[in-house]
Amino acid sequence: MKPRMCLILFIALMRVMSIVSAQSSCTNVLISMAPCLSFITQNTSLPSQQCCNQLAHVVRYSSECLCQVLDGGGSQLGINVNETQALALPKACHVETPPASRCHSGSSVNSHSEHGNGSKTVPREKSSSDGSIKFSFPLLAILFTASYITLIYAKY
């Protein structure tokens, strides 16, 4: 493969990956809510502490993505969300969230209201890291492509 062709391929991949990355930002947030699956897909009576910690994190940093859960965002991942359980999650975790009615009104979900669904008590996040390194799919694809191009280019 000629160097010019490699460059064109790399630029095309970068454009595609930037589009995918923009579309999947909430998908990554939904995936991070995996500890809550047993609560929002089944009728488990209490969510785990890990679920509550993750919910508090999402509310703090990506609350707009919570609307996607209520709007069927879980179905794109093959998950059937029990909407009643999903709406009960903030109260069960004692996490204040913006009202669910804001999801359909078009207003910003990030602006907090006095009338949240849950309590004002938010669980503290653990300060210790689990030691894992998390890469996004676009970054992995770019690294893979760059290494492949380097390997091909080195042969010529």
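First residue shown is number 1, and so on along the chain.
Heads up, the Cβ atoms here are built off N, Cα and C, so glycines get one too.
What Swiss-Prot lists as compositional bias 'Basic and acidic residues' is 112-128. Taken from Swiss-Prot, the feature N-linked glycosylation site covers Asn43, Asn82, Asn117, and the record attributes it to sequence analysis. The GPI-anchor amidated serine feature in Swiss-Prot is assigned to Ser128; the stated evidence is sequence analysis. Residues annotated as region 'Disordered' in Swiss-Prot: 99-130. Taken from Swiss-Prot, the feature signal peptide covers 1-22, and the record attributes it to sequence analysis.
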**Prompt:** Taking the Cα atoms as reference points, how far is Asn82 (N-linked glycosylation site) from Asn43 (N-linked glycosylation site) in Å?
**Reply:** 8
**Message:** Among all protein chains shown, how many Cβ atoms are found within 10 Å of the Cβ of Asn43 (N-linked glycosylation site), not counting that one?
**Reply:** 10
**Message:** Validating a neighbour-count step here. Other CB atoms within 10 A of the CB of Asn82 (N-linked glycosylation site): how many?
**Reply:** 14
**Request:** For Asn43 (N-linked glycosylation site), just give me the three-state DSSP call.
**Result:** coil
